[in-house]
Amino acid sequence: MGAFLSYTVIGIFTGAAYAIAASGLVLTYSTTRVFNIAHGAVGMVFAFLYWDFSVKQGLPVWLSLILVLGVCAPLTGVFIQRVITRGLGNAPVGASLVVTVAMTVMLIGIARQIWPPDARSLEQYFPDHLIHMGSVIVTWQQIITVVVSILVAAGLYVLLSRTRIGTAMRASVDNPDLLHLYGGRSDIVAALAWAVGTSLAALGGILLAPVIGLQYFDLTLLVISAYAAAMLGKLTNLPLTYVGAMGLGLGQSYIVGYLQYIPGHDKLTGLPAVMPALFLFAILVLLPQAPLRIGQVKGLVSAPVPTLGRSAVFGGGLIVVVILMAAGMADSDLLLVGTAATYGIVMLSLVLLTGYGGFVSLAQFTFAGVGAVAYAKLDQPNLFGLLVAVLISAAVGALVALPVLRLTGLYLALATMAFGLLMDKVVFTSSWAFEFNNPLNAKRLSIFGTHVNSIGNYTIMMTVFFVLISLVVVAVRRGPLGRILIATRDSQAACGTLGLDIRWVRVALFASSAGVAGLAGALLAGLRGTIVSNDFIFFNSLLLLVCVAIWGVTSVSGAAMGAIFLMLLNYLPGFLGKNESTQGLLFILLGAGAILIGRNPNGLMFWVFKIPSWIQGGLFPVLADRFPGMALKVRDFAGGDRDDEVIGEPGGAHAHRDEEEVDSDAVAAR
Amino acid sequence: MSVPILECVDVHAAYGRIEVLRGVDLKVPRGAVVALLGPNGGGKSTLLKVISGQMEKTSGHVHMAGVNVHGASADDLARLGLTTIPEGRSVFPNLTVEENLLLMSYAGVAPDKVFDTAYSYFPRLHERRYQLAGTMSGGEQQMLAMARALTSDPALLLLDELSMGLAPLIVDELYETVAKIAESGVSILCVEQFARTALRVSDYAAVMTGGRVVATGEPNEINEIMADVILGGAA
Amino acid sequence: MPLLHVDDVVVQFGGVTAVNHAQFEVEEGTITGLIGPNGAGKTTCFNVITGLQTPTSGKVLLDGRDITRMPVHRRSRRGIGRTFQRLEAFGSLTVADNVRTALDIHDGFSGIFRSANADIEHLLDRVGIAGYAQERADSVPTGVARLLELARALACDPRLLLLDEPSSGLDESETEAFGDLLKELASEGRTVLMVEHDMDLVMAVCDAIHVLDFGSIIAQGTPAEIRANKLVQKAYLGYADEADAADETKVMSL
């Protein structure tokens with residue numbers, strides 16, 4: 001009984017802290033429709049900042065709290081709303097996911113850069129004063145957290161129900177345009193929501209840091225608990241969010257306490273850590289079906305699609321370059337080239353899923369991990385083993401998509417995130433995968449009996465795989481499947497009325513994308529010879545997404561450039577653990593890049609694709625004027641220039657065509 | 001002649017390549033009620049969107065009380081005395097009646113005064129003040145929307161399709177309110193598909209088709225041609 | 001037996017009743033008009049028939065079979081096609097590829113090895129927009145996009161075609177050609193149900209007209225009957241005086 005009460009006390013404390021963080025998430029999402037993936041990272045950075053003020057610089061606790069919660073966090077919130085996420089509420093959900101994921105990466109980079117890895121700790125409040133309630137010991141930290149969560153709830157209630165600006169916050173959820181007609185300023189409303197929301201993230205981080213520890217990732221992933229709690233209230237209902245947070249806190253505490261009584265518990269040591277992810281997944285599965293949206297026309301996509309022939313030429317070129325490199329490079333460098341090919345193939349799977357299909361996956365590297373484990377465990381280092389590994393990954397991908405078949409956009413992305421964490425903490429560490437982070441051995445692949453043994457040859461082979469899959473992706477895009485994918489993105493309602501069951505398209509898409517990622521993982525396992533679960537940690541998926549977002553997720557060339565880019569980063573001293581001192585800086589650069597560019601799904605390739613038409617349309621005429629004798633062929637690009645026109649009907653609420661698209665004709669006309 | 005409260009001069013507006021307003025000229029004299037009639041797709045609602053600052057015009061001028069309002073945002077205009085009741089139910093469905101009224105005070109009238117005016121004019125709203133607006137009947141919701149016109153003390157009121165989807169008696173009630181607001185000296189431009197209903201309360205009327213104002217005149221003159229315009233020449 | 005039977009359908013959005021015990025039938029091989037003032041619930045009726053909106057109560061029967069709970073795509077397989085008032089063309093695809101996609105979806109695997117070019121050309125030609133085949137669907141005029149939606153729906157060879165304001169955005173001569181096309185479709189045995197504001201068109205091509213007002217059918221009949229109907233005139237033009245309105249409300253509450 002005493003134990004039960006103790007677990008309850010811990011559960012209430014954890015739940016209260018979750019509730020604080022979750023309510024901030026709900027506030028920002030419900031007023032601006034931007035789901036902030038980086039909510040946990042924000043809390044993490046401010047927990048570090050609080051440590052810096054109160055411990056490192058020795059400021060009084062009250063002053064540190066005021067500085068962090070009253071000044072820095074709100075100002076950061078306003079900055080995020082004004083500069084980083086402005087206008088994302090009306091953009092496709094993919095854009096806001098990419099931008100906030102990029103923000104997560106950037107914030108982790110900032111934290112690493114300012115506070116390099118070191119042993120730090122935040123003390124609990126009044127650690128020496130324990131309160132004995134019968135057999136149960138309660139700490140002041142716990143009491144303070146619970147009291148603060150009640151105060152936050154009361155404060156939010158007063159703000160949202162008793163003040164005009166709070167009422168305006170709730171109104172802007174329904175209809176921001178109407179709020180304008182009422183004379184309300186939705187930008188002020190949004191800025192206030194983000195200021196308060198960011199402070200709440202910081203508060204949650206500060207209260208939990210003494211318990212969890214000042215760790216970049218642990219504190220960032222805390223947000224999963226906030227997501228799960230907020231999801232119970234469908235991201236808009238605060239009371240239900242509190243209920244969800246409490247339920248999650250208690251459940252987690254009881255699991256920790258009573259796990260030892262469950263048979264086979266020794267294999268479930270990761271379970272308490274993934275409770276939030278499981279909880280999130282369960283709620284997502286139980287969410288009701290979202291109706292098909294109608295009344296929006298939009299054309300997006302439109303990175304130019306090369307012909308198969310052109311792609312083959314480029315692919316051949318790439319292979320030749322790698323062959324030349326293989327001849328002159330050291331093994332350790334070749335390993336990096338091979339790894340880049342892996343990244344490239346995983347990015348291709350994102351081109352398929354996100355670029356063509358419009359779904360964001362936050363756990364693409366996890367599927368690669370599934371492929372790697374399957375390949376290593378099968379111990380069939382040949383094409384058959386590779387195929388089985390791919391099929392297993394595809395099946396797992398379908399399994400993730402199936403339960404959440406009815407969901408769209410944001411919810412689907414969160415489901416992949418929950419899945420990624422689950423695999424990270426439970427499956428990859430369990431005895432039938434990596435066995436507590438032990439390395440797993442895999443053999444090099446043999447093709448029709450020919451062993452590809454040297455690293456050089458293996459790297460060439462991986463490049464060939466990359467090129468082949470690129471060709472397949474281009475072929476898919478040019479074929480009926482690609483058109484159907486784009487059609488489902490443009491109008492689900494129209495696809496439905498034409499007889500297409502969109503749900504199965506989605507499952508098939510997830511499965512094939514996971515299969516491609518699994519192939520990459522299997523090949524990587526063969527390349528490395530040994531793999532560890534850390535190769536496939538969840539955070540790598542985010543890094544990869546950020547990278548491909550910078551170069552453009554809508555084109556195969558974007559994936560190729562993204563992979564080469566990642567490889568070049570590998571050469572810089574200090575990438576991925578080689579040199580701790582610059583890693584943070586890299587994360588910051590990557591994150592900032594994706595924030596700047598990620599809104600446009602065509603990424604940097606958008607600008608690259610424009611160069612030819614700019615040369616022909618802008619430069620040639622100028623040159624022709626200057627040097628009339630030059631035999632430059634000036635072509636009329638009037639029809640090929642980008643046009644930002646919006647189609648619509650009188651009075652119709654039409655979605656606007658993405659302004660920043662590449663006109664495919666302009667490039668195809670070359 | 002005094003300066004009109006609203007004057008549109010050669011206003012053009014387009015959705016992308018499709019031009020919806022093709023040179024609209026329209027005047028609303030101070031204190032007058034002007035009905036803007038015409039078939040669907042004629043550009044009436046688009047014109048209101050341009051005037052209220054929700055949509056940018058491609059060319060032309062909009063003057064309010066003699067001032068050229070160019071680039072003013074919808075919320076700026078709302079605080080300066082322009083009240084727009086857009087098409088459909090222009091209330092916040094997930095807020096209570098009282099919360100909706102509270103937000104109406106953004107136009108510049110103190111909340112208490114907003115409540116007083118609204119409840120004394122529509123006692124039904126007082127009965128339902130803690131009810132979510134979205135759960136009320138269409139007529140009651142439109143009453144709540146009209147409360148904004150009553151309480152915000154506008155210089156110019158824009159009404160878009162007040163009657164849409166409402167039973168005739170309720171439409172009638174709403175137009176009584178419009179007449180009452182007009183008596184207090186507010187200038188009104190109202191877009192309406194039910195020509196006869198709107199013409200009853202208006203001083204002038206204009207007919208829009210194809211993105212232009214094709215006829216203006218006294219209500220009885222316009223009434224005669226409306227059946228032809230809406231139901232086709234054969235009616 | 002009528003091809004389509006909308007049986008006592010009610011759709012409520014919160015406190016607002018968009019469709020209020022609507023009841024009407026559409027006979028096979030006819031062109032039927034569904035008219036009424038703005039906000040009368042016409043598009044909501046279409047959404048109920050195609051499965052995009054679940055009715056609060058009531059049934060939809062196709063060929064006497066209850067399809068009220070059937071998902072959207074299966075209704076399409078049973079021969080219901082539609083166009084949208086607010087356009088739902090695939091904006092990123094060309095006009096021709098819009099139709100190609102519809103054919104791909106309709107034909108499934110059996111269509112993979114067949115070249116669809118002739119069919120596409122034929123369909124685009126039929127609705128009169130062959131000249132736009134290679135333009136992106138989000139850059140063509142509204143009228144063309146509407147005709148494109150019609151071509152796309154025709155690609156699935158529907159028995160029942162629901163057209164939501166098909167003529168808006170068309171000029172006079174285009175509307176006339178469109179009227180002829182509708183008659184041609186009906187003569188092939190297809191059934192057309194259309195929401196339309198151009199009364200000249202409705203009166204010229206429809207075999208039967210249902211008038212929807214406040215979510216209920218207030219009149220049914222031939223074009224001539226509807227034109228002479230006082231209720232209909234009132235529904236469109238409003239009421240000359242209060243007594244008139246009071247009478248009307250009484251009639252409706254009966």
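Quick reminder: no glycine exception, Cβ is built from N, Cα and C everywhere.
According to TrEMBL, the features are:
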REGION    A:640-670  region 'Disordered'
TRANSMEM  A:34-53  transmembrane segment
TRANSMEM  A:59-80  transmembrane segment
TRANSMEM  A:135-160  transmembrane segment
TRANSMEM  A:188-208  transmembrane segment
TRANSMEM  A:214-233  transmembrane segment
TRANSMEM  A:268-287  transmembrane segment
TRANSMEM  A:308-328  transmembrane segment
TRANSMEM  A:334-353  transmembrane segment
TRANSMEM  A:384-405  transmembrane segment
TRANSMEM  A:507-531  transmembrane segment
TRANSMEM  A:537-569  transmembrane segment
TRANSMEM  A:581-598  transmembrane segment
Long-range neighbours of the transmembrane segment (A:334-353), counting only residues six or more past its ends (CB under 8 A): 322, 325-326, 359-361, 364-365, 367-368, 455-456, 458-459, 462-463, 465-466, 469-470, 473, 476, 509-510, 512-517, 519-521, 523-524, 527-528, 544-545, 547-548, 553-556, 558-560, 562-564, 566-567, 570-571
Candidate ranges A:59-80, A:135-160, A:188-208, A:308-328, A:537-569 - greatest C-beta contact count to the transmembrane segment (A:34-53) (under 8 angstroms): A:188-208
Beyond the flanks of the transmembrane segment (A:59-80) by 6 or more, those residues with Cβ under 8 Å of it: 28, 36, 42, 46, 49-50, 53, 103, 125, 191, 194-199, 201-203, 206
Intrachain neighbours beyond the transmembrane segment (A:537-569), with Cβ under 8 angstroms and 6 or more residues off its ends: 98, 101-102, 104-105, 108, 217, 221, 301-306, 311, 314, 318, 336-337, 339-341, 343-344, 346-348, 350-351, 354-356, 360-366, 417, 420-421, 424, 466, 470, 473-474, 575, 586-587, 590-591, 593-594, 597-598, 600-606, 608-609
Contacting positions for the transmembrane segment (A:135-160) when only residues 6+ beyond its ends and CB under 8 Å are counted: 1-2, 5-6, 9-10, 12-13, 16-17, 19-20, 23, 27, 124-127, 129, 166-167, 169-170, 196, 200, 203, 207, 210-211, 238, 242
